[in-house]
Amino acid sequence: MFSALTRGCVRVFDRYLPDPLILVLIITLVVFAAGMVFQGHGPVAMLGFWQDGFWNLLSFAMQMALMLVTGFTVAKTPLFMSLVSRIATVARTPVRAVVTVSFVSLVVTWFNWGIGLVVGAILARELARRVEGVDYRLLVASAYAGFIIWHAGLSAAAPLVVATPGHFLEDQIGLISTSETIFSPINLIICLVILVLMPIVCGLMMRGIKDPVTVKADQLEDAPAAKRDHDEQTRPAERLEQSKWLAWISAALGFAAVLAYAFTGGGLNLNIVIFVLIFLGLALHGSAKAFLETLDEAVRGVAGVLIQFPFYAGIMGMMSASGLAAELANGFVSISTAHTLPFISFLSAGFINIFIPSGGGQWAVQGPILIEAAQSLNADIGNVITGFAWGDAWTNMIQPFWALPALAIAGLKARDIMGFCVVIMLVTGVAIGALLLI
């Protein structure tokens, strides 16, 4: 039965799922029409909402782009690539390969989702070269599926936002420590369950594949870069580019700034995570030249994400200004109790995430409604935020927006992996939902 479910999902998504850019255009039209039909706004008003919202996520888009490219630069350092090669030697069978990829991707993504997306995809490529008979699509799907844990980890958007002084809900709830969200017992329990459950699901899917789609090792070799030999440092400018001391001194200054920030009571937020990744990448690459060459490669994988951010910002603008998002969220909240609100937050965030696949942007729309409901029902605010965070990450398994960087590294299309991701979403959704109700 499990194998039949997997085959059915893979077949449907392979046939019907369009390119992510086409998908965002379709969602735009659906939300535009829904605002007129269900909220009574005219086309001119909806156009205004769309245009007004189109550029609202520019600063956040820059943060997300930097998170991705800096994560990529760290993941592509010699140290990390050596670790990937060592991990790859452990997996010698197809089942063990997908289990390894999913487990490693989950662990790394918990620490930083930008690094996790890249490390998982690189490990999938490496294992596809080494292990005969492994389905390459499932390998990459297993790598991307680790993204399900991102909003429960150290680079989570909503938990870091509410822990940052000056956040937009501070007047209502003050500062919510990460001990009540990321490091809360319920969140850590869910993380552990997913860490065990998801690799098992991936392994079972691999066992059920009769005709795996494989790739030859030479198809996955990186093309040699056309660049100057690093040993030819005849000019002063080239010596500066290759200077280890310049890179290390700059990185030392960056780390000193982080320590000073920490000792003066600074909290964990998106900006400080990106700051650390920039200087960690510079230090591990050992020269500005090597860092910039990897950065150039990283930027190509982010292009698909960047061009879609304005469209999703426009969708968010339409949903927010038209009242669609509030009505959807209020509809879910209206059937909640203090006990079930974290679970309802999970479901509502999962649904709205399909239209607004940006954790921080979605929290800006949905957060005020959930916080008001939590206060009126006397529910645990930390658990409500945790439920929201898991819901936002959960339906990323059927929202290919964030898969684009991993797909660029793997050389696949969204339709190649989404069928497997749907199975993972269904199984993990049951587990997460049940734990939020306990």
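Backbone N, Cα and C define each Cβ position, glycine as well.
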Query = For the record in TrEMBL, which of the ranges 20-42, 365-387 is the transmembrane segment one?
reply = 20-42
Key: Beyond the flanks of the transmembrane segment (304-326) by 6 or more, those residues with Cβ under 8 Å of it   = 20-21, 24-25, 27-28, 31-32, 34-35, 38-39, 41, 45-46, 49-58, 60-61, 64-65, 68, 352, 355-358, 361-362, 365-366, 369, 401-402, 404-405, 408
Inquiry  = I'd like to know if the transmembrane segment (417-437) touches the transmembrane segment (182-206) in this structure, counting it as a touch only when three or more C-beta pairs sit under 8 Å and are separated by 6 or more positions.
reply    = yes
Inquiry  = Cβ pairs under 8 Å only, please: of the recorded stretches 20-42, 95-124, 136-162, 270-292, 417-437, which one is richest in them relative to the transmembrane segment (332-356)?
reply    = 417-437
